[in-house]
Amino acid sequence: MMTKEVRSQFWYSDGRRLSGLSTLLLLLPFFAVIAFVFIYPIAQLLLISFLEPHPTLDNYARVVDNPVHARVLMRTLWTAALVTALSAVLGFPVAYYMSRTKGAPAALVAVCVILPLWSSVLVRTAAWSFLFQRNGLINSALMALGLTSQPFKLLYTQSAVVIAMTHVLLPFMILPIYGALRSIPNDYTRAAAVLGATRLRTFLEVILPLSLPGVVSGSLLVFLTALGFFITPALLGSPQEMMISTLVSKQIREVLDWPFAAALVGVLTFFVTLLAIVFSKTLRFDRLMGSAS
């Protein structure tokens, strides 16, 4: 009895609201960290892009006028979109299996999904570099099976970057979809079966629409992360097919052109903000999240 009383007092709200000052004090550390580690550095970079060496828009004009820089930006957007699409296609079946399976098989799949997150991105990218070598496991297997007489050039290609980035970011797609699928009541699928719906129709008209919040949130997370990915494109990509993160690093470390690097960051920030606005207006993300709750 005492345990229930203590638990009810500890876990359940008594209906009282926090005062404005209490709310401010609770949220102040969070907003302070966001302002210090995110807003302030971005603001400083944007100021540098506009004010150095003097107030000018020349740094942004260089991004637009130079076709090489424009191709780097488009390659970055295309790579992020391709990685997002591959993660969704590969991640949804895994998340669906995890949500519909219990016991040891589900636990094993969950461990396989979460375990890579315990290792660094650098370690996983280095592992892929060994696999993609001319005498690596992939080429050795293809030649042993008689599928090719000469090893393919896999390392330092855009395909290697896409494959490795998909592998690294796949858990960030699987976990949101899994959460959305787990929140779907089993009564919905039972009702569809009682009404005569086939499994395919139940999936297309019941499960898939209700899992969209997870798909959308996972896609947004993977896409935005892929836009600024650095380690994998730097280690597995070629200089002729660099992404914007690699270009920014080159401008800072080798060319020492901070204003132009800041302009590149400003352009990328503009595209991310624009995509977020379009996303919220067209897909109605808040309404999707509300339908899942």
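Glycine is treated like the rest: Cβ placed from N, Cα and C.
Just so you know, TrEMBL annotations are computer predictions that nobody has curated.
It should be emphasised that the depicted structure is a prediction, and the values quoted were computed from it without experimental measurement.
Per TrEMBL, these features apply:
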type	residues	note
DOMAIN	73-279	domain 'ABC transmembrane type-1'
TRANSMEM	21-43	transmembrane segment
TRANSMEM	77-99	transmembrane segment
TRANSMEM	106-131	transmembrane segment
TRANSMEM	160-181	transmembrane segment
TRANSMEM	202-235	transmembrane segment
TRANSMEM	255-279	transmembrane segment
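Counting Cβ pairs closer than 8 Å to the transmembrane segment (77-99), the top stretch among 21-43, 106-131, 160-181, 255-279 is 160-181. Cβ atoms under 8 Å from those of the transmembrane segment (106-131) belong to residues 94, 97-98, 137-138, 155, 160, 163-164, 167-168, 170-171, 174-175, 231-232, 235-236 of the same chain, restricted to positions at least 6 beyond its ends.
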